[in-house]
Amino acid sequence: MQKLITQVSTQLACCCYIRTEAESRSASFKYLRCESGTCIILGHWLLSSQQEQSHQDSAVTRKKDTMLSVLVAKRLVSGVCPKSLRPAVAELVTTRGYKGEAPDDSRGDIIEIPLPPWTEKDGETMDIKRRRLLFQSRKRGMLENCILLSLFAKQYLNTMNEPQLRQYDRLINEPSNDWDIYYWATEAQPVPDVYAGEIMDLLKEFTKNKDQEQRLDAPNLEYLDKGSQ
Amino acid sequence: TGAPGHAKRTIPAVSQSSRKLHFSVYGKNNSKVSDGMSTQYPVVDHEFDAVVVGAGGAGLRAAFGLSEAGFNTACVTKLFPTRSHTVAAQGGINAALGNMEGDDWRWHFYDTVKGSDWLGDQDAIHYMTEQAPHAVVELENFGMPFSRTEDGKIYQRAFGGQSLKFGKGGQAHRCCCVADRTGHSLLHTLYGRSLRYDTSYFVEYFALDLLMEDGECKGVIALCMEDGSIHRFRSKNTVIATGGYGRTYFSCTSAHTSTGDGNAMVTRAGLPCQDLEFVQFHPTGIYGAGCLITEGCRGEGGILINSEGERFMERYAPNAKDLASRDVVSRSITIEIREGRGCGPEKDHAYLQLHHLPPQQLATRLPGISETAMIFAGVDVTKEPIPVLPTVHYNMGGIPTNYRGQVITHTTEEGDKVVPGLFACGEAACASVHGANRLGANSLLDLVVFGRACAHTIADICTPGEKLSPLKPNAGEESVANLDKLRFADGNMRTSEIRVNMQKTMQNHAAVFRTGKVLKEGCDKMDAVYQTLDDIKTFDRGIVWNTDLVETLELQNLMLNAVQTINSAEQRQESRGAHSREDFKDRMDELDYAKPLAGQVRKPIEEHWRKHTLSTVDPKTGKVTLKYRPVIDNSLDAEDCAAIPPAIRSY
């Protein structure tokens, strides 16, 4: 709790969000965004307890320590913040209200059922990596990503250097929910630190569609056919 | 991808020049290299108690159920499990839990039978709606974090077509959800749990064909994309859960992975597919891209206009106007286009106008729409209308099964007969619970109930570790020959050209509103497009991560689905559910249910249309043969749940 108070009073300006993912073994944070746009990280307190619990199998202990519900979080913040710092509206923000009421998501499945962590493939040549990433860009979970990523791959995949390819590989293969990638690309949700970087920026810019081109469908593959050019 | 259960191997990278390659296989259980086939493609044989093809909601539920029951299970999938199309589902699962008001699964049963326009098999619907509450509670126990009410019960919301008291008690609230990521949560939970039971996942393996011998299914043959090796998965039990085939149409809401691979495998094995003409359309998908534009837009005041700038829904539905029911809106848009008032250079879509709404309202109530319209149509919704078109959304038809998930064939003399060793579940199957029209939120339910049913049926009839019957050493040879042929194809028409021809034919001739003449033209055109497959040209000659080859294989699969769909539609001379004919506007049942039944003579099955279509194709010629099969009208237990006799369907 001491740590939490320090966090709150010194880090009001920062606005980063790191998702609660047991599978990426990263810190679990929740953030509260208030009307004025600043947010409060309830971070390290959760991180240390998760690290302690990470070797224990007991789901109960893990649940107690890491599943800080929004209600508790709200109470904590109101408790520790002086009135002047208290957020005007402390609610987990979902910016996609148009999909209908989306009741709170406890993410219990993601916390308690960790999937095997994603690992980079070794021993792959750049050429093979590009071919793999092409397939993985074109075949996604929902149509929006199929179109977006295959157009993005058409534009950028063949000119990416090795570190860029590895960034892209991680971006499209590690997240478990394909919608997350779409929300980050459309800036409906903030990008977690682990995926921020050159490639994510390129993707966000590309998604804006500043040239207002008609993106009716994923491109046909023949742009790769050197023989026809 | 690092998934456990993947056989560890040391393989030199396959280069294009050395096609005579042998390699050693180390690692997990029972893989060995086979010499019985072409030496140009190294073949690895595996033996399992059960093989599941597809790792979406249905496939994962089946794989999990089988592993839990102690069966050594393989799951072969072309996509990483959490990237299956199920992840797109944001709605929920229907179940009569009764948390929001008193409820009874028999009312859900009634709604589903009526929704299917009496083409659904009532024994399967009985099974599904009765099992629904158990299935949801089971998922909850597996760890799926359903959204809760204040009292901690599972929150249930309203959804279209769900009523109380057999349609007389008002709107029912039966749809359980996990915030707005029900599909993702389902996949994550099932995948995670199945790994604890040691399920073997073969991710990014493209299943080519079933291994059939003497009418029995003995496994699956697949291509490993990572290294181009061929794998035969031998098993006594094969479950197909490969999803739908929206991609036969130019405009669909499905991902590019919905290519009907399972339906095609079954067709090539000489088995029938059922009710493929029943394709569900959603009225407003973005023209071309097909991304869904929610009905909420029209709820907020958006209007549909034609090329003359007219709000045409006023003519078709004077009261409800743009908020009329989905099939009415779809039909209206189609008629406007057909009569020449379509928008755009090809006059082939309608406009959804939002710019008359205050920008503030657009930004707060419909923010996602503005983004989607800009990203996919290049349209600024505050200034221009969005091009929209009725869009393919779901396939009610698929591989015919009984209510236990076993694939069946049918003859008039013997009736339904089970195909040994073969099962199907999910959108790929046709149990048939959705009949001629699917209700919202029944699809995720279908996945879990029938995925589970397949696992239970297999556990009933088999035991783990049973010895497999021998397989011919060259089983699957034709599949590899086909693969090789496509890999080096050098005709005149590119894969993308043939694909777009197929899609445009389906879109123009077998869309929302169908007429005999247009369908017949479509059948002929589709036949011509089918023949062009022989003249196909691919450009990527490699074997490792060859996307061109995979998309060509998918095109072959799509074509088989397309020809069956359009031919079945042409033959069915009635309007029922999602299949609506301008020239045969009414349902044609065995009795005329619009009039009093007393004194009517029951028509024989040849003279009415309340029957399932069974279609088969000769893959060499593309010729479609149609047969019919009666609908199952009795529930599983007449005392527990009375069957619903047909009636006129009105809401």
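Cβ atoms are placed via backbone N, Cα and C, with glycine included.
Database features, via TrEMBL:
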ACT_SITE  B:Arg326  active site, proton acceptor
BINDING   B:54-59, B:77-92, B:Asp261, B:Glu427, B:443-444  FAD binding site
BINDING   B:His282, B:Thr294, B:His393, B:Arg438  substrate binding site
DOMAIN    B:49-444  domain 'FAD-dependent oxidoreductase 2 FAD-binding'
MOD_RES   B:His85  tele-8alpha-FAD histidine
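Structure with TrEMBL features highlighted.
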| residue | record | Cβ contacts under 8 Å, 6 or more apart |
| --- | --- | --- |
| B:Gly54 | FAD binding site | B:Cys75, B:Val76, B:Thr77, B:Ser84, B:Ile240, B:Ala241, B:Thr242, B:Gly243, B:Gly262, B:Gly426, B:Ala428 |
| B:Ala58 | FAD binding site | B:Ala241, B:Cys425, B:Gly426, B:Glu427, B:Ala428, B:Ala429, B:Asp446, B:Leu447, B:Val448, B:Phe450, B:Gly451 |
| B:Leu79 | FAD binding site | B:Ala55, B:Val203, B:Glu204, B:Thr257 |
| B:Arg83 | FAD binding site | none |
| B:His85 | tele-8alpha-FAD histidine | B:Gly56, B:Gly243, B:Gly244, B:Ser254, B:Ala255, B:Thr257, B:Ser258 |
| B:Gly91 | FAD binding site | B:Phe159, B:Cys175, B:Cys177, B:Thr182, B:Gly440, B:Ala441, B:Leu444 |
| B:His282 | substrate binding site | B:Thr253, B:Leu292, B:Arg326, B:Ser330, B:Pro390, B:Thr391, B:Val392, B:His393 |
| B:Arg438 | substrate binding site | B:Gly115, B:Ser116, B:Gln280, B:Tyr394, B:Met396 |
| B:Ser443 | FAD binding site | B:Ala89, B:Tyr394, B:Glu427, B:His434 |
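The two recorded residues B:Thr294 (substrate binding site) and B:Val87 (FAD binding site) have their Cα atoms spaced 17 Å from each other.
Sequence-distant contacts of B:Val87 (FAD binding site), defined as residues of its own chain at least six apart whose C-beta falls under 8 angstroms from its C-beta, comprise B:Gly183, B:His184, B:Leu187. Cβ neighbour count within 10 Å across all protein chains ranks B:His393 highest among the recorded positions B:Arg326, B:His393. By a Cβ separation below 8 angstroms, chain A lies close to none of the recorded positions B:Ala58, B:Arg326, B:His393, B:Arg438. In the predicted model, the domain 'FAD-dependent oxidoreductase 2 FAD-binding' (B:49-444) shows an average pLDDT of 91.
There are 18 other Cβ atoms within 10 Å of the Cβ belonging to B:Thr294 (substrate binding site).
According to DSSP, B:Arg83 (FAD binding site) sits within a helical segment.
Residue annotation for substrate gives B:His282, B:Thr294, B:His393, B:Arg438. The furthest Cα pair among them is separated by 18 Å.
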